[in-house]
Amino acid sequence: MDESSLLDLLECSVCLERLDTSAKVLPCQHTFCRRCLENIVSSRHELRCPECRILVDCAVDDLPANILLVRLLDGIKQRPRNGGGRAALAGCAAGVSASPAGTAVRDLPVATRSSPVKKSRAVRSGGDGASAAGVRGQP
């Protein structure tokens, strides 16, 4: 995904303005700016997601903020103005996450990385000491 596509994700798909920290996330997980959601409620007297049309049964004020969006926007604000926001998003696109000290996870020693997959030990068969792989005829 290129940088412009990532920046498009930070726009309200209704008004095409940059989302800000007042943006709200709907139960369907789509996010829109507060102003657009309030305009929808005032004109239609109900709130349906503009993307998937699911009916939202609470007030705009009761909807939660999109915490990930808020954190991304804060990160962009803290970056230098020389394209730092784009660079931060490009890092996300590359799958690089940072530790609190700013060290990329890929730069950490292998022993300190956590794996989502639990490794299992080789299963030993009866008393002959052959592994399960050896029993099946595999080396």
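Backbone N, Cα and C atoms are what each Cβ position is placed from, and that goes for glycine too.
Any TrEMBL annotation is an automated prediction that lacks curation.
Small disclaimer: the values here were computed from a predicted structure and weren't measured.
In TrEMBL this protein carries:
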| type | residues | note |
| --- | --- | --- |
| DOMAIN | 12-53 | domain 'RING-type' |
| REGION | 101-139 | region 'Disordered' |
Distal contacts, the domain 'RING-type' (12-53) - CB-CB under 8 A, six or more residues away: 59-60, 63-66, 69-70, 73-74
Predicted model, mean pLDDT over the domain 'RING-type' (12-53): 96
